[in-house]
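**Q** Copying in the features that Swiss-Prot gives for the protein in this structure:
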type	residues	note
ACT_SITE	His115	active site, pros-phosphohistidine intermediate
BINDING	Lys9, Phe57, Arg85, Thr91, Arg102, Asn112	ATP binding site
Amino acid sequence: MERTFVYLKPNTIQRQLIGEVISRFERKGLKIVALKMLKMTMEQAEKLYEEHKGKDFYKPLLKFVTSGPIVAMILEGPRAVEVVRHVIGKTDPLEANSGTIRGEFGVTIRKNIVHASDSPEHAKHEMSIFFDTSEIVDYKLLLEEQF
């Protein structure tokens, strides 16, 4: 099974959309194997967005993602990275399809509700920024149980 990293941005928490967003992932068959609310540190933000260092949106992005609480999670399932990217929609909410998380709830490119890893390799790196392996829980869903 593939795992991917997702976090809900501060505006998602402020708009009380946590349950709505998480339920969309669960309805697609993804399993939450790690979940926590935290305030992202500047060090975590710099590691997460290091590929954008030097770009004009880098500092405002770091300021935004460290401005309030986030909900970080690891989701597991077949083709988890691809499934999550499909569910959340394009980065720009104006270009995201209706029915996607960003298409329905996103406001701007920065305040687009959710961050999700764009590849299995990035997912591994991003998970390590926010979670120790001891925080990842391996379990079976009822649907996975053998009777």
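Here the Cβ of each residue, glycine as well, is placed from N, Cα and C on the backbone.
Mind mapping these onto the model and telling me what they sit next to?
**A** For His115 (active site, pros-phosphohistidine intermediate), the same-chain residues 6+ apart in sequence whose C-beta sits under 8 angstroms from its C-beta are Val6, Tyr7, Lys9, Leu48, Val65.
In the three-state DSSP assignment, the secondary structure recorded for Thr91 (ATP binding site) is coil.
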**Q** Under 8 Å between C-beta atoms and at least six apart in sequence, can you list the same-chain neighbours of Thr91 (ATP binding site), or say none if there are none?
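**A** In sequence order, Arg102, Ile109, Asn112 meet the Cβ cut-off.
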**Q** What number of additional C-beta atoms lies within 10 angstroms of the C-beta atom of Phe57 (ATP binding site)?
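**A** Taking every protein chain into account, the count is 12.
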